[in-house]
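Quick look at what TrEMBL annotates:
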SIGNAL    1-25  signal peptide
DOMAIN    29-114  domain 'Inhibitor I9'
DOMAIN    142-598  domain 'Peptidase S8/S53'
ACT_SITE  D151  active site, charge relay system
ACT_SITE  H221  active site, charge relay system
DOMAIN    391-473  domain 'PA'
ACT_SITE  S559  active site, charge relay system
DOMAIN    671-766  domain 'Subtilisin-like protease fibronectin type-III'
Amino acid sequence: MRLSNATLCLVSFIVFSFLQSPAFAVKRSYVVYLGGHSHGVQSSSIDLDAVTESHYHFLGSFLGGHEHAREAIFYSYTRHINGFAAHLDDEVAAQIARHPKVVSLFLNKGRKLHTTRSWDFLGLDHNGVVPSNSIWNKTRYGEDTIIGNLDTGVWPESKSFSDDGYGPIPSKWKGICQNQKDAGFHCNRKLIGARYFNKGYASVVGKLNSSFDTPRDKEGHGTHTLSTAGGNMVPKASVFGFGKGTAKGGSPRARVAAYKVCWPPVSGNECFDADILAAFDVAIQDGVDVLSVSLGGDPTAFFNDSVAIGSFHAIKHGIVVVCSAGNSGPADGTVSNIAPWQITVGASTMDREFRSVVVLGNNMHYKGQSLSSKVLPDKKFFPLLSAADAKLANASIQNATLCQAGALDPKKVTGKILVCLRGKNARVDKGQQAALAGAVGMILANDFLTGNEIIADAHLLPASHINYTDGLAVFAYINSTKNPMARIMPVTTLIGTKPAPFMAAFSSKGPNTITPEILKPDITAPGVSVIAAYTEAEGPTNEDFDKRRVQFNSVSGTSMSCPHVSGIVGLLKTRYPNWSPAAIKSAIMTSATTLDNANERILNASYIKAGPFSYGSGHIQPNLAMDPGLVYDLSTKDYLNFLCTLGYNDTLISAFSQDNYKCPGSINLANFNYPSITIPNLVGSITVTRTVKNVGTPGTYRAQVQKPVGISVKVKPKKLKFKKVGEEKTFIVSLKVKKGEAIKEYVYGQLVWSDHVHYVRSPIVVKAV
């Protein structure tokens, strides 16, 4: 039967109309953020249900009914964060975004864990992070402090979370142990809570099976970070016998709670905005004192950033939020988690090495690092081969040089030590590919960008990771002789190595690309080859081929440096329970050091002097943070004023804060009372104002200035006299471009207020235009 043209046109019209209908439109998951709540902290289930109903009513007005809204919404944020996450088509999303009640609407984007795959804040007495004679190590000190961790969950059986010797759970705790679908998962008086959030992840990847319904850490990252922040003291901890000592977190007696928001990667992303906001909303209600967040994404506007939004609501309730800076270094402008109410942490090394020396046939020795438990026969040399010379006929030289899968020829590799170049594929995978091709050992050489940053990995064959300069020497030796030979010596643990710390090459750097007037990162802390507790669901390399299991593992990343600071924050919260999050942040920043253990300026991974865009205020010094002398304090209203300077209007900020807020008539972002001073576009001169609060003994502080190149700096008054605790003093700093001397790039200096006991240091970062 043939249809007439008129019938065909009608059918086509019907099909087209169906395809254009809302029911057929492609839906994506969005977060609709409506600000804060007005129902208060002591909200009842009736209050929370009423909020959910209001979300159904609001969305139903766009979707044509309450039931459509109920089907679309998969999270209703009801406690402290007001909003919801829902499946929406783009057209409806655009309509919602224009509604006056909506603060922001953004896609449920994915974020990454800030660990460098295949890589201690444990027994670090030698590093000066938490000395054994410190007041902070008293037996029961800190048990009322609760540290929450947004991550991949926790391995509850780890000894780092044993509750032996703990008293009752603090009465302020309102959280739960969400183990209804994992009967083997247990909390205790140390690990007092655990939850999981996966609806945002499921909205992207599809329906999940029951194995996802658990806060258990099957990846290792969450266990590692949580134990770094608040893990118990565990004697005789090590990785394959290396680095043996007493494991302890930054706040070893703190209670801890896990909030699992990260899952197996999809398109490189593991943690999704909708889940992150849900975790923040619940964690605030649960009663945590500190939130450690070792994840992030590309910098974005604050109201479109789930971590920034969640962090703001947390600090409103006195919760300090510590975030990782990211692992996208060493390029400039890569730092993430850049809100001023967050403590943003870069990564640097510590004075410990797991040394594995490479000896060449010409008797040259090169100091590498490794955690390989396998060793080559003593003093025996093996043929040495560059991976570029070991390529299969159909493989590229680049892939072979990097020791990628399918690029190496076993006929050329068998029985030899293979030299692989760092980059692209995981470091331990290079060793695995070398072993599969028949290599007896591997030397992993850095490229130019990674410089002197060498990392101890739990390789499956004898291996040593060497720096860029030594790698060049090894390649030169191979090319200089007909029969190159080498051996790899067994791993030894060394303490007190120099220089330390220096910045990790992977550590993300400033300037802050959203608000360049706020210096980020704020601080740096140990983040390379950190030993902490680990999952026993996977091997130490997280590779499918690794069947080994460990109780402790060495991992690197700003994910690892972040919980160092979280642990220190926990101690400060215990010692000063009435301090604001900003005061605690100031104490950590202004007491930091920019010097290494050779009393020289901290270097980057290429052994060039680093600066504030790498380390912020410097490397953390916890003992000095305990007694900072003065602090730069900030209130919630100060943060709202900060948002005003960025152009957000009264209505938006009032919804964000749930306060009846009006932007001040005149306000200058340069006067935001941050513990650092950053002027990104200095034309002529500027005068900035700061206020410090005395938190120590009465005394007189005098200003000391190190001027940035080409910039004059004057401080008035030059002397501040404090008579009591809590007293505040205001001063001004005038900066002026010196004609003919200024250079049109960032230059650095510092301001120090000192009473000869305390040294309250603030970086000065200026760019003349």
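Keep in mind that glycine also has a Cβ here, set from the backbone N, Cα and C atoms.
Those TrEMBL annotations? Automatic predictions, nothing curated.
The structure displayed is predicted, hence computed values, not measured ones.
All features noted in TrEMBL, drawn onto the structure.
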{"residue": "D151", "record": "active site, charge relay system", "Cβ neighbours (10 Å)": "30"}
{"residue": "H221", "record": "active site, charge relay system", "Cβ neighbours (10 Å)": "27"}
{"residue": "S559", "record": "active site, charge relay system", "Cβ neighbours (10 Å)": "32"}
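Of the recorded residues, S559 (active site, charge relay system) and D151 (active site, charge relay system) place their C-alpha atoms 10 Å from one another. Summed and averaged per residue, pLDDT over the domain 'Peptidase S8/S53' (142-598) gives 96. Distance noted between the C-alpha atoms of H221 (active site, charge relay system) and D151 (active site, charge relay system) is 7 Å. As a summary of secondary structure, the domain 'PA' (391-473) carries 25 helix, 16 strand, 42 coil according to DSSP. Helix, strand and coil residue tallies for the domain 'Subtilisin-like protease fibronectin type-III' (671-766), in that order: 1 helix, 60 strand, 35 coil [DSSP].
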